[in-house]
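S.K.: Quick one: this structure, given as structure tokens, is what I'll be asking you about.
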Ligand SMILES: Nc1ncnc2c1ncn2[C@@H]1O[C@H](COP(=O)(O)OP(=O)(O)OP(=O)(O)O)[C@@H](O)[C@H]1O
């Protein structure tokens with residue numbers, strides 16, 4: 001499986017669809033609009049952070065199991081980023097370190113229980129869409145999900161800034177599978193068909209180098 005990674009508004013959902021269409025494989029999306037915990041979490045992160053994390057863990061394990069049958073299936077977010085986000089939430093006092101430790105241990109246990117074929121536990125390729133903090137803020141504003149708006153909760157500015165910074169070091173340290181980075185500032189693959197073509201070419205050549213295509 002191929003997994004997309006990147007901060008809020010990086011374009012993971014759009015690239016998942018484009019890439020699956022291009023490869024003739026199946027896209028897997030985590031629906032934000034149907035997530036009943038997310039608005040609660042934004043309103044009261046201390047209370048709902050752990051519940052949200054367990055919700056995501058459950059959903060992502062389902063996705064991983066469902067996408068097993070084809071190496072080129074595309075998932076719109078990796079399970080590894082949840083750990084990054086939860087660790088950050090714990091560091092910011094939005095979850096306790098005990099909750100973070102329990103989550104990490106549960107994640108490890110559940111990954112061990114996945115079916116045996118070792119290659120299927122880790123993705124075949126992780127694609128990180130890197131966007132600047134400015135682009136991230138613009139996209140969040142443009143998309144207009146009310147609970148994500150800084151006007152409604154000014155503390156989100158710092159939350160988003162910290163998240164954006166942490167993604168870069170997270171990506172550099174990531175070693176669970178082959179990986180590549182797409183420059184989401186340079187290539188606006190949603191608005192610009194030429195940029196989309198370049199991005200798909202970059203991914204194609206990585207997949208060929210990995211003998212996946
Ligand atoms: N593990 C997590 N912990 C806390 N919040 C999370 C976590 N995963 C996702 N979210 C929240 O869920 C919402 C959707 O995030 P996500 O980045 O998956 O999709 P997106 O914003 O639609 O991204 P894209 O535009 O790249 O498709 C955001 O508000 C994000 O903060």
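The backbone N, Cα and C atoms fix where each Cβ goes, and this holds for glycine too.
What TrEMBL lists as active site, proton acceptor is 76. Annotation source TrEMBL lists ATP binding site at 6, 7, 8, 9, 10, 11, 12, 13, 14, 139, 140, 141, 142, 143. If you look up TrEMBL, you'll see 30, 42, 53, 77, 82, 148 marked as substrate binding site. According to TrEMBL, the domain 'Deoxynucleoside kinase' annotation covers 2-205.
Are these features on the surface or tucked inside, and what touches them?
M.R.: The number of other Cβ atoms within 10 Å of the Cβ belonging to residue 76 (active site, proton acceptor), over all protein chains shown, comes to 22. DSSP gives residue 76 (active site, proton acceptor) a coil state; it is part of no helix or strand.
Cβ neighbour count for residue 8 (ATP binding site): 20 (other Cβ atoms within 10 Å of its Cβ, all protein chains included).
Sequence-distant neighbours of residue 42 (substrate binding site) (same chain, six or more apart, CB under 8 Å from its CB) are 147, 148, 153, 156, listed in sequence order. Reduced to three states, the DSSP call for residue 42 (substrate binding site) is helix.
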S.K.: Using Cα coordinates, what distance in whole Å links residue 10 (ATP binding site) and residue 30 (substrate binding site)?
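M.R.: So the alpha carbons of residue 10 (ATP binding site) and residue 30 (substrate binding site) sit roughly 15 Å from each other.
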S.K.: Show me the subset of 53, 77, 82 whose Cα is within 10 Å of residue 6 (ATP binding site); these are the binding-site residues I mean.
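M.R.: Of 53, 77, 82, within range: 77.
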S.K.: Less than 6 Å between Cβ and the nearest atom of ligand 1 is the rule; apply it to the binding-site residues 8, 77, 82, 140, 148.
M.R.: 8, 77, 82, 148
